[in-house]
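Copied over from TrEMBL, here are the features:
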ACT_SITE  His188  active site, proton acceptor
BINDING   Gly12, Ala13, Ala14, Gly15, Gln16, Ile17, Gly18, Asn106, Gln113, Val130, Gly131, Asn132  NAD(+) binding site
BINDING   Arg93, Arg99, Asn132, Arg163  substrate binding site
DOMAIN    7-146  domain 'Lactate/malate dehydrogenase N-terminal'
DOMAIN    157-321  domain 'Lactate/malate dehydrogenase C-terminal'
Amino acid sequence: MTRTPVNVTVTGAAGQIGYALLFRIASGHLLGADVPVKLRLLEIPQGLKAAEGTAMELDDCAFPLLRGIEITDDPNVAFDGANVALLVGARPRTKGMERGDLLEANGGIFKPQGKAINDHAADDVKVLVVGNPANTNALIAQAAAPDVPAERFTAMTRLDHNRAISQLAAKTGAAVSDIKKLTIWGNHSATQYPDIFHAEIAGKNAAEAVNDEVWLADTFIPTVAKRGAAIIEARGASSAASAANAAIDHVHTWVNGTAEGDWTSMGIPSDGSYGVPEGLISSFPVTCEGGAYKIVQGLDINEFSRTRIDASVQELAEERDAVRGLGLL
Ligand SMILES: NC(=O)C1=CN([C@@H]2O[C@H](COP(=O)(O)OP(=O)(O)OC[C@H]3O[C@@H](n4cnc5c(N)ncnc54)[C@H](O)[C@@H]3O)[C@@H](O)[C@H]2O)C=CC1
Ligand SMILES: O=C([O-])CC(=O)C(=O)O
């Protein structure tokens, strides 16, 4: 049976994450090895030529699943009929730019893109925001798309989730595949909280297996939370292939489901669970099934975790208030 191609829109397609992402989408890693895709690449006018170069390379791979590539600088065209929208392009912070300036500059990107998604995307559109500040950019886009169910707007904390699994595996000598139920709470920023109290290593509680609160507080949490800065320091450029890989993981899990006995972390609009104010786009532990996600309920949050979740959520509330003050919500 021939399947109808899924329309996948990628913004910032000529950037470094875009370059690492597009080939994996086209080769079937995003949605599945039997799902044909049509790509729409959105760039600013200065980025169009480089996006065309990437499209030439995509053609040269002769991917059997790739059924077309369209390149545009018009969000209304890029999101027309989009089933999956990966919002990667964002305004990076430049010298002398304050946080408020960054939020304002990104508001100028994510508000019109949210409106274009509202007006043109397919009814089943799923949106992942990668561009930083990812959680608040997702909130801006979602607010501009009142006709799209709010839960379709998500922000990427899967890279943090994967980083935390890898650090925990290195500490304990466990295989990455033995680590389950890790959680990233809060913002994709240095305040995020990677939580191992409910995680399992080969079926045993991870916090008990580690049994080292000093390592947890002084090494594990800051290493995961500041990994982005460490990569910039080492590579001279921010994470690209690992960020693209996390975007693939995020959408693949959302569409195809979490494994039995495991969960993942996604930045999603809060329903008030775990004391996170409703509407904030915060990272939670979630399970996915049938193309929808659900927050894992009933976890016991200890004092150590509560303080850290609250601090990250407080930062999200401040970002929301700042963009509200700028008239972006
Ligand atoms: N959530 C996460 O875990 C991570 C997020 N990031 C963020 O992802 C974003 C992209 O990173 P890179 O690809 O490395 O940046 P990059 O600077 O290499 O590429 C960004 C691309 O976006 C394009 N762009 C800018 N404004 C646009 C607009 N309005 N519409 C369409 N395209 C637009 C630019 O022309 C550029 O080609 C950054 O904001 C970065 O901070 C990066 C790593 C991890
Ligand atoms: O830190 C950055 O600028 C890029 C990023 O979000 C990450 O690597 O987590």
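Just so you know, glycine gets a Cβ as well, placed from its N, Cα and C.
All annotation found in TrEMBL is predicted automatically rather than curated by experts.
Features recorded in TrEMBL, as mapped to the structure shown.
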{"residue": "Gly12", "record": "NAD(+) binding site", "Cβ neighbours (10 Å)": "23"}
{"residue": "Ala14", "record": "NAD(+) binding site", "Cβ neighbours (10 Å)": "24"}
{"residue": "Gln16", "record": "NAD(+) binding site", "Cβ neighbours (10 Å)": "16"}
{"residue": "Gly18", "record": "NAD(+) binding site", "Cβ neighbours (10 Å)": "25"}
{"residue": "Arg93", "record": "substrate binding site", "Cβ neighbours (10 Å)": "15"}
{"residue": "Arg99", "record": "substrate binding site", "Cβ neighbours (10 Å)": "12"}
{"residue": "Gln113", "record": "NAD(+) binding site", "Cβ neighbours (10 Å)": "28"}
{"residue": "Gly131", "record": "NAD(+) binding site", "Cβ neighbours (10 Å)": "25"}
{"residue": "Asn132", "record": "substrate binding site", "Cβ neighbours (10 Å)": "20"}
{"residue": "Arg163", "record": "substrate binding site", "Cβ neighbours (10 Å)": "22"}
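Looking only at Cα atoms, Gln113 (NAD(+) binding site) sits nearest to Asn132 among the recorded positions Arg93, Arg99, Asn132, His188.
Across the residues annotated as binding substrate (Arg93, Arg99, Asn132, Arg163), the widest Cα-Cα separation comes to 25 Å. Residues Gly12, Ala13, Ala14, Gly15, Gln16, Ile17, Gly18, Asn106, Gln113, Val130, Gly131, Asn132, recorded as contacting NAD(+), have a largest CA-CA distance of 20 Å. In the vicinity of ligand 2, defined as a Cβ distance under 6 Å, the following of the binding-site residues Ala14, Gly18, Gln113, Gly131, Asn132 are placed: Asn132. In the three-state DSSP scheme, Gln113 (NAD(+) binding site) is classed as helix.
Ranking the recorded positions Gly12, Gln16, Gly18, His188 by the distance of their Cα atoms from the Cα of Asn132 (substrate binding site) places His188 first. Mean model confidence of the domain 'Lactate/malate dehydrogenase N-terminal' (7-146) amounts to 95 (pLDDT, 0 to 100 scale). Taking only the Cα positions, the spacing between Arg93 (substrate binding site) and Gly131 (NAD(+) binding site) is 11 angstrom.
The two recorded residues Arg163 (substrate binding site) and Gln16 (NAD(+) binding site) have their Cα atoms spaced 19 Å from each other. Only Ala14, Gln16 of the binding-site residues listed as Ala14, Gln16, Arg99, Gln113, Arg163 bring a Cβ under 6 Å of any atom of ligand 1; the order follows the sequence. Rounded to a whole number, the distance between the Cα atoms of the residue listed as 'active site, proton acceptor' and Ala14 (NAD(+) binding site) is 23 Å. Take the CB of His188 (active site, proton acceptor) and look out to 10 A: across all protein chains shown you find 30 other CB atoms. Taking the Cα atom of each, Arg99 (substrate binding site) and the residue listed as 'active site, proton acceptor' are about 15 angstrom apart.
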